[in-house]
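Right, I'll just put the structure down here and ask away after.
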Amino acid sequence: MLLVVFGIGANCQVTLSNNQNVSAAPKGSYTSVGFGFAVGISLGVWVSASRSGRHINPAVTIALATFRKFPWRMVPGYIFSQLLGGFIGAALIYANYYHAINIFEGGSNVRTLLTLDYMTNVSAFFSEFLGTALLVFIVFAATDPRNAIPSAAIPFILFTVLLGIAICLGIETGFAVNPARDLGPCLLTLIVGYGGAVYSFRHQYWLWGGILAPILGGVTAASFYNLLFIDSGRFRNV
């Protein structure tokens, strides 16, 4: 929820403030969006640390279950909670910016889908795959006991990596790199009137780009981390 509130909140502020009927001058830029999501992930991880072990991303949860012995029986509950958090965060932001959205769209009964469509499906898939792979690789490094990184430092590490992904790689697909962050708000759009366009876009991009690409990227990165730093004997005790 915190990830979506700060991240999508920044996205809404930057986008909506470009309409002069909403704001006399633009408030922020693409960099603001990157910082918003970075703040959101660090606060979400910090708040959830003592309760759930800092899981706010289904791709991370599945990678940890696959390679770090996180109990598979707990995975469905975690993913449901992550999706619910994304949905609630999106609902809060929609409520906060409801009137500004009405002005931007042209009325309370008008809801459109404005997109950039210059990428191929393969490129869009790879962008989400790569971003999530980098995120999960850093998560595994930060939580590797042999690196002796203090638990209190992990939110700041994730702030750094997500900000880097946003600023360096994020413009093409919006750096979801988290199925719950993507699908939770998508579910809200269906309720508030955006219709099926969100789901039919790019032949169900929400599924292969928002869910499958991050999960596969996360599992791939986790397997490479294990191969390089755990399974290979010559990397031990260096």
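Quick reminder: no glycine exception, Cβ is built from N, Cα and C everywhere.
Remember, it's a predicted structure, so these values are computed and weren't measured experimentally.
Sharing the feature lines straight out of TrEMBL:
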type	residues	note
TRANSMEM	28-49	transmembrane segment
TRANSMEM	78-97	transmembrane segment
TRANSMEM	118-142	transmembrane segment
TRANSMEM	148-171	transmembrane segment
TRANSMEM	183-201	transmembrane segment
TRANSMEM	207-228	transmembrane segment
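Context for these features, please: burial, neighbours, distances.
Counting same-chain residues at least six beyond the ends of the transmembrane segment (28-49), those with a Cβ under 8 angstroms from any Cβ of the stretch are 1-11, 13-14, 17, 55-56, 151, 154-156, 158-160, 162-163, 166-167, 170-171, 175.
Away from its own ends, the transmembrane segment (118-142) comes close to residues 57, 59-60, 63, 67-68, 149, 153-154, 157-158, 161-162, 164-165, 169-170, 172-173, 175-178, 202-203, 205, 208-210, 212-218, 220-222, 224-226, 229 of its chain (Cβ-Cβ under 8 Å, at least six residues beyond either end).
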Are there residues at least 6 beyond the ends of the transmembrane segment (207-228) whose Cβ is under 8 Å from a Cβ of it, and what are they?
57-60, 62-64, 66-68, 121, 124-126, 128-137, 140-141, 173, 176-179, 182-183, 186, 235
Other than its close neighbours in sequence, what residues sit by the transmembrane segment (78-97), given a CB gap under 8 Å and a spacing of at least six beyond its ends?
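Long-range Cβ neighbours of the transmembrane segment (78-97): 1-5, 8-9, 12-13, 16, 52, 55-58, 61, 179-185, 187-189, 192.
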